[in-house]
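Features as listed in TrEMBL:
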type	residues	note
ACT_SITE	Glu99	active site, nucleophile
ACT_SITE	Glu103	active site, proton donor
DOMAIN	19-213	domain 'GH16'
CARBOHYD	Asn107	N-linked glycosylation site
SIGNAL	1-21	signal peptide
Amino acid sequence: MASLVLCLVIFAFCSLHYSLASNNFNQDFDVTWGDGRAKVLNNGKLLTLSLDKVSGSGVKSKKEYLFGRIDMQLKLVRGNSAGTITTYYLSSQGSTHDEIDFEFLGNLSGDPYIVHTNVYTQGKGDKEQQFYLWFDPTADFHTYSILWNPQTIIFYVDGTPIRVFKNMKSSGVPYPNNQPMRVYASLWNADDWATRGGLVKTNWSNAPFIASFRNFKDNNACIWEFGKSSCTNSTKSWFSQELDSTSQARLQWVQKNYMVYNYCNDINRFPQGLPLECTFNSTTN
C-alpha cells in the first residue's frame with residue numbers, strides 16, 4: 001500500500017512539473033496571419049489554427065533560439081484533410097535562412113497522414129524525408145520534438161527518434177549553427193502538392209479545418225537576445241546529446257517500417273549525383 005501511495009505521489013508531482021514547465025501561448029507567441037482564425041484558449045494553454053477557403057492561419061514565437069530542444073503537442077485535422085498542411089518548425093529570416101521542419105500532409109479519410117521533414121541551410125532545402133505515423137494523430141495529442149545542438153539535429157515523435165541530421169561542416173556540408181531561429185506554426189492550403197502529389201484537392205465543404213496545439217516547451221533551449229545566448233556554457237546535457245544504442249535501434253525501426261521517402265535514395269532527382277551529405281550516411285541524414 002505504501003509503495004502504491006508513493007507511486008501516486010510521484011506521478012502527481014511529475015504531472016504538476018510538466019504542467020508548470022509548459023508555457024503560455026499568450027505570452028510566448030504572436031499571431032502573424034489569419035484574421036482571427038488563430039485562437040488562444042484555456043487561459044493560454046491551447047492554440048487552435050483554422051483554415052477555410054478564404055485563409056489559413058499562423059503564429060510565431062516571441063523568442064529566438066540558437067540551439068535547444070523544443071517540444072510541442074499537436075492534434076491534427078480530423079476526417080478528410082486532403083490538401084491541407086499543418087506545420088511546426090524553426091526558421092530564421094532572409095534569403096539564406098536556416099530552417100528545421102515538421103510538416104503534416106493532409107489525407108483522405110482512412111489514409112495515413114504523412115510527416116514531411118526537411119532541413120534548410122543557407123536558404124537551401126531539398127533534404128526531405130517522409131514518414132507514416134504508427135498511430136492516429138487526429139484522435140489525441142502527440143508530442144513532436146526538435147533537438148538542435150552543435151553536433152546534430154534529431155526529430156522525435158513521442159520520444160522516438162525518426163530522423164537525424166548530423167553536423168558535417170568539416171566535410172563541406174552546411175549546418176545551421178549561427179542563425180537564431182523562431183518557432184512557427186501554421187495551417188494552410190497546399191492542394192497543388194500536399195496529397196498524392198496534388199492529385200487530391202481540398203474539399204472545402206469540410207471547412208473549417210482545425211489543428212490544435214498545446215504544451216509548448218522551450219525549457220531546454222538557448223534564448224538569443226540582444227546579440228547573445230542565454231546559455232553561458234555548454235554543460236547542459238542536451239547540448240552534446242546524440243543517440244545512444246537504444247535510440248539508434250528505435251530510429252532504425254521507424255526508418256525500416258514507416259519511412260516512405262528519403263531524398264538520399266532518389267537517384268532520379270539528382271542525376272548529377274546525390275547531395276554530399278548522402279555519401280556519408282544515407283540512413284540518418
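Cβ coordinates come from backbone N, Cα and C, glycine included.
Close to the residue listed as 'active site, nucleophile' in the fold, though at least 6 residues off in sequence, lie Tyr89, Leu90, Ser91, Ser92, Asn118, Val119, Tyr120, Gly125, Pro176, Met181, each with a CB less than 8 Å from its CB. Every protein chain considered, the tally of other Cβ atoms within 10 Å of the Cβ of Glu103 (active site, proton donor) stands at 19. Taking the Cβ of the residue listed as 'N-linked glycosylation site' as centre and 10 Å as the limit, one finds 24 other Cβ atoms among all the protein chains shown.
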